[in-house]
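Per TrEMBL, Mg(2+) binding site is recorded for Asp342, Asp348, Glu351, Glu352. The domain 'B5' annotation in TrEMBL covers 286-364. Positions annotated as domain 'FDX-ACB' by TrEMBL: 575-663.
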Amino acid sequence: MRAPISWIKEYVEIKEPAEKLAEDLQFSGTKVESIASEGTEVIFDFEITPNRPDCLSVIGIAREIAAIYQRKLTTPSAFSVTSVEKEEKSVQFEVADKKLCSSYSLGVIDYVKVGPSPDWLAKRLEKSGLRSINNIVDITNYVMLEIGQPMHAFDYDKISGAMNLRTSKIGETLVTLDGVKRVLPAGAIIIEDKEKIVDLAGLMGGENSEVDESTQTLILHVPLYNPLAIRKASQYLGLRSEASNRFEKKLDPNAHRYAFERTAQLMGEVAGAKLVSEVTSVGYPHKEGSLVVPFSLVSEVLGISISKEQIKNILERLGFATQHQVDKADEFKLKVPTFRTDIEEPIDIVEEVGRIYGYNNFPKTLPSRPSVVQFPRQTDFEGKVRRALALLGLKEVYTGSLTSAKILDRAGIRVENCLKVANRLVIDYEYLRPTLIVGLLLASSANIERFERFSLFEVGRIFEKNIEKNGLPSQPKKVAGIFINYDFKRAKGIVENFLGKLGIGSLEFMATENNSPYGSTIAKISSVNKSIGMLGSIEEKILTSYDISASTYAFELDFEILRSLQSERKYKPPPKYPIVKENISLFVNQNTKFSNIRKAIRKGAGHSLFNLTLLEEKSVKGKRSLLLGIEYFDLFKTLERRHIEVIREKVLKELVNIDTQPRIS
């Protein structure tokens, strides 16, 4: 937001040089992006954070300066409209849904003389980044910049009958003030009369109701719109303006009345206008909020001692009304002004005290002893997980926690099973991810044309609906990966190898039911009777929606369970005596698990088993033919034929017991 310093000086005394003022504002949380000079005028360009719409006004900036330097804030007067002597004209205005426009002020102003703006008004707007149009439009823009409340003026004689505020339907059109015919999306806020749409609310008025040189009577509408609806329509249509920038935020619910009165006053002074109707003010006055704050909280959080009088003084300079709690010496009650829509909790008050007191004024103290930086064990383990997956060839990606209904639908996940963000900043991204696989599928889709085969992984939190922990939704950390153009055995082998690197053994892969986004091949992974996670194929229809034609498998594992199961890998010295190798062929049923075969061989061979490898697998007449490589050894002697035969007999016996047909090769 641009503002000339001469305008700010009308509301607060400024003695400091521009650079010093910018520095002090920055220390208090109001960033000055740049300082420019135009002749004798100094123009500030402020970067206002989204939670401080009160500072999107010259008065808001002046209030901050007054609080920092302990100076008086002088606000412009506006005539108080209670009633008119004789109501000459009126307007009927209906709101279809109060959620679209919670409050507004509306009235008819007559005897308007539209023409060029006086020099002081035109120059002030131009230095603030707005071009002068005519005196009426310029006054509405002037008050918007001064108070922070946008508004719109309609030509009274171009409105046919009652006005109605509603949401647009797909395909409706409006030619806006810039002469562009716009096709409206569903859900944009519009205002219509009985014949036509006359305003794309919060964004731009209609050409068919604009104030021009012929206008004699106008309708002044000062609304408070639904920020989300304005932001969504703005992004869809690519329309951004000073007005929409303010309407997208949580504005002062009481400002519309004052803005109406101030505008009507200036129109009377500049354009000879006169109010000829009662002023309708809906949702006014809005009650101020209140908070009870312990004095001790300020020093506990800020780490410095600030007196009670200093705290109260700072808050009163910012517009808060403070009242000491008689029955509770450590607490004070304060009323939150309606323009501070960002203040919700006692901790917000602590921040206000800290920033105006000045973080640069905090005493500088050296630590009593050197601090020893210790990384939490969780951080160590997370690094171990990342290194293990990277060594196995997977590439790490970072995807956002926010997702959209469209993305969830592509992944086969129902939105009603996902957490919805209450106050989203990005219009379409209103849900929190229930699984990391959603992001991995998007990342895979972006890379599928570049690589024939690849694998990705991510470590991050997911968000579970209806499962709460400490009053908040459960946010477990997960480890997930995706394999593009892999078969199940290879994907399973990599997961086993990964878990082995973490020292997690005794793994079981149990077939389980389909659970989107997984397809028909899905296994539940567990170790020592603890469920670790899932590994499975991705449904073909889901892959098609991501333009992935190759066979794809994914896994998602619980980070905390992995951490609890990890163990240090124990390294053994290489055997002193020769290793004996032999192969065993097996015919097994299709549903026989390899883990059962491994257990049988380990049981039969005992301590003599050095290594077991699956060399080959084929399907023969409805059965599986496996070729296994087995290696035997002994710690204390060289194994002779007679020793091998004894071990082999035990192994074959155990294999027969699990209904296999072994054959030595």
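Any Cβ shown, glycine's included, is placed from N, Cα and C.
Automatic prediction, not curation, is the source of TrEMBL annotations.
A quick note: this is a predicted structure, and the numbers were derived from the prediction, not measured.
The helix, strand and coil residue counts that DSSP assigns across the domain 'B5' (286-364) are 33 helix, 16 strand, 30 coil.
Local packing around the binding-site residues Asp348, Glu351, Glu352 was summarised as the count of other Cβ atoms within 10 Å of each Cβ; on this measure the leading residue is Glu352. Averaged over the domain 'FDX-ACB' (575-663), the predicted model has a pLDDT of 88. Other C-beta atoms found within 10 angstroms of the C-beta of Asp342 (Mg(2+) binding site) number 17, with every protein chain shown included. Across the domain 'FDX-ACB' (575-663), DSSP classifies residues as 32 helix, 34 strand, 23 coil.
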